[in-house]
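Here is what TrEMBL records for this protein:
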| type | residues | note |
| --- | --- | --- |
| TRANSMEM | 55-73 | transmembrane segment |
| TRANSMEM | 79-98 | transmembrane segment |
| TRANSMEM | 192-216 | transmembrane segment |
| TRANSMEM | 267-285 | transmembrane segment |
| TRANSMEM | 305-330 | transmembrane segment |
| TRANSMEM | 360-383 | transmembrane segment |
| TRANSMEM | 389-408 | transmembrane segment |
| TRANSMEM | 420-444 | transmembrane segment |
| TRANSMEM | 450-468 | transmembrane segment |
Amino acid sequence: MSPYPSSSTSPEIQLQAHMAAGVGGDGAPQSKTESSIHVGEAVAPKAATKSPKKLTLLPLIFLIYFEVAGGSYGAEPAVQAAGAFYALLGFLLFPFIWSVPESLVTAELATAIPGNGGFVLWADRAFGPFFGSLMGTWKFLSGVINSAAFPSLCADYLARAVPAVAGGAPRYATVAGMNLVLSFVNYTGLSIVGYTAVALGVASLAPFVLMTLIAVPKVRPDRWLTRGTNNDWRLYFNTLFWNLNFWDNASTMAGEVKRPERTFPTALLAAGLMTALGYLLPLMAGTGALDVPQDAWGGGYFADAAAAIAGGWLKYWIEVGAVLSAIGLYEAQLSSSAFQLLGMADLRLLPKIFASRSKWFGTPWAGILASSLITLAISFMSFNNIINSANFLYSLGMLLEFASFLWLRKKAPHMSRPYLVPLRLPGLVVMCLVPSVFLVFVVAIASWKVFAISAGMTAFGVAVYYLMEFCKSKGCLQFSNGIAGDESVVQQ
């Protein structure tokens, strides 16, 4: 189902006619607080015409998978925090509480407004450019801060084989080199990144499939009922949240997806099944086959569990898989961040340079460069509080995303929605309310340092918005003319 009105008139002419008439893309009068750019109806397809290849279903599945999970790594602390029973119960139920609502919102809005920028476009369309810019700040900062952990993780695993890179100048050089190499791969094209994600996904999932199969004869189901002692519920819920969020990140690349109205819902469903089974089955294998103390299940314990179940060879494979998973996570997040900046430039929330694409590869080189440099700078910092602040900002962004989704259902009920969540507004409110309660909980338990850092980052985002408005009024920076796809293709 096409998101455009049935007409032979080009989308650009339709957009200009709407703007001249002072109406929005859905035919409603346009208020001063609304964006003048209605991406879902006229802008989105134009945004991707410079890209030589569009993402198809299989690469998109694995990009979404790496935005969210990238393997079973990181699930172990749930067992350490609350025992096998609650860990298994959490990874069984939490996808329905959190992942399914977020995925449904993403499927509907990414197909209704299929432009680069994703959630920024949704907030802009619902509440106007200020909230679009604020959403961009929250989600971009949370994304690049999370990305900073992945080159450091690669260096940690490499240090096991080459002790010289464990610290000092060799470690700095390794982290910087990883950033440089992975950023160049990202620069060579989204299709290459997508198919790289497919290969990395298969390689990182394979050892867990083998571990699960080998563990079957050794499993004792009664071990799954162990409830743990002195349970750490904050660690438990943070582990579930950390491993099952970011379903909406791939929406920032929706303008690069072939037939997004069909591809996005299918990709989200497939990635959701992969993620749920990818966590649940290895946890069932490890906790059911091994009788070890609760506190043994710290981060990285899956490698030791594999050694106990199958031998050292599988342990090494899982450790190598952790490096491959970190690479996939970095590439997926960097693509999401770069295309988010491109979408913000198309909306005139950032200067026109961020909409520029490479002549050879069609990638947003300025967005890749900016995201990589910020990630590199954070990689050398001690940033536990910053990481917690990134989760805090992500939670604020998700609350705004759910609000945008509900408001667009009320404000623009006749907007073309190729995929429609099959609920009326009261049902949608309930669907969004459950995960929103959890988001409020995550925000409420934050420390005062996290509150302070997050407030500072939010203030920075507000300042950037008003600075961009000032620059537009004074003409001191170049901005897009208001039609996505206007970006300059610069030889880089």
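The backbone N, Cα and C atoms fix where each Cβ goes, glycine too.
Caution: TrEMBL annotation is automatic and unverified by curators.
Each of 267-285, 420-444, 450-468 was scored by its Cβ pairs under 8 Å to the transmembrane segment (79-98), and the highest score goes to 267-285. With a cut-off of 8 Å on Cβ pairs spaced 6 or more residues apart, the transmembrane segment (192-216) and the transmembrane segment (305-330) reach 3 or more such pairs and are scored as touching. Among the listed stretches 55-73, 360-383, 420-444, 450-468, the one sharing the most Cβ pairs under 8 Å with the transmembrane segment (305-330) is 55-73.
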